[in-house]
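Straight out of TrEMBL:
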type: DOMAIN; residues: 130-159; note: domain '4Fe-4S ferredoxin-type'
type: TRANSMEM; residues: 37-56; note: transmembrane segment
type: TRANSMEM; residues: 68-85; note: transmembrane segment
type: TRANSMEM; residues: 210-232; note: transmembrane segment
Amino acid sequence: MFTKVEEYFEGPPVKRRKLEVAPWDLTKIRIKISKHMVWLAIAFLSGVTWMLYFGVSWSDYFDGSASSTTLSITAAISLGAYTFAGHMREQTCLWICPYARIQGAMVDKQTIMPTYDYYRGEQRGKLNKGQFAEGQGDCIDCHQCVAVCPTGVDIRKGQEYGCITCGLCIDACDSVMTKVGKATGLIRYTSLDEMKFNKPFVALYKRPRVIVYSTILVLALSVLGTGLFSLAPMDLKVLHDRQPLFVQLSDGSIRNKYELKIMNKTHGSMLVDVNFKSEIAHLTSQRQHRNITILSGNVKSVYVYLKAFERDVGDNSAVVFVVTGKDAMLEYESSFFTPKSMR
């Protein structure tokens, strides 16, 4: 996406290089600001999307309820996306992203990927007054294939681990071949065996390597799909108030405060009830929490105040909160603290 945005605002590589060396004027400033604003927007959406996996709701960012931790992590992820995908694209592909290493371990001589036709392109050389010299190959050494490559790979030197098989070198080479009156396909998607020995393409189902990789992929997707479809319709987290851990009331009882974060993962609103269970004798809540409405995709904070006398709290001070909805019931264990707990 960052590459597409850059190409939309600044044009192909040749125009981008000219823009970089051009003096700063209103046009250049407008282009640069527009590009970086869109980059920052994409980076921010990346950070927010990542945080949504951990129970944060979209509304938290707009109603001011997002915690400082949430905002800090979102900012860090957004800054990382903006830096690595925008300004360090080549270094990220070569040294940080594991995709190239994984791909390098999986390919063989029958793998279809961008390949330079050495036998047709060599001996490469510049055109002389628009004409090819005798014995010269079709490659005119224009370096367009290298210029458009996100990782700076020269595909003419052979297949390298830095190649991410995006095919930009193919498009660049085909456009040059068309201009000089040569057939396209000097760089094309093919295998080394087909290029060198003119071997016919081997059907995927006849290649053991493909069968093994496909089996692993199907199993991984099956596990992932099963996990996604078996997700609970809601999520529950309980945060015990730590400042202070407990409050001693005028009647001598001890009160603890809990924040229950209940997330609705369904496509419609839901009603839930909040209860608790514990071995602590005479543990009571200051109020009942019934028919709590949670909108789709939202996180509802419910504050529960429990109190008990210290003499009634034994060795087991566990408190289990139970949230019951129409199609699900979740439990979360916390603790009830007293002055005795701090001794």
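Backbone N, Cα and C define each Cβ position, glycine as well.
Please go over these features one by one and say how buried each is and what sits next to it.
Long-range contacts of the domain '4Fe-4S ferredoxin-type' (130-159) within the same chain: residues 3, 12-14, 17, 89-90, 93-94, 100, 107, 113-116, 118, 120-124, 166, 168-169, 171-173, 175-177, 180, 182-183, 186-187, 192, each at least 6 residues beyond the stretch ends and with a Cβ under 8 Å from a Cβ of the stretch.
Residues 1-2, 39-40, 42-44, 46-48, 50-51, 56, 60-61, 92, 96 of the same chain, all 6+ positions outside the transmembrane segment (68-85), place their C-beta atoms under 8 angstroms from a C-beta of that stretch.
Long-range neighbours of the transmembrane segment (210-232) within the same chain, counting only residues 6 or more positions beyond its ends whose Cβ lies under 8 Å from a Cβ of the stretch, are 106, 204, 265, 328, 330.
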Across the domain '4Fe-4S ferredoxin-type' (130-159), what are the DSSP residue counts per state (helix, strand, coil)?
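Counting residues by DSSP class gives 7 helix, 1 strand, 22 coil.
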What mean pLDDT does the predicted model reach across the domain '4Fe-4S ferredoxin-type' (130-159)?
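Across the domain '4Fe-4S ferredoxin-type' (130-159), the average pLDDT comes out at 85.
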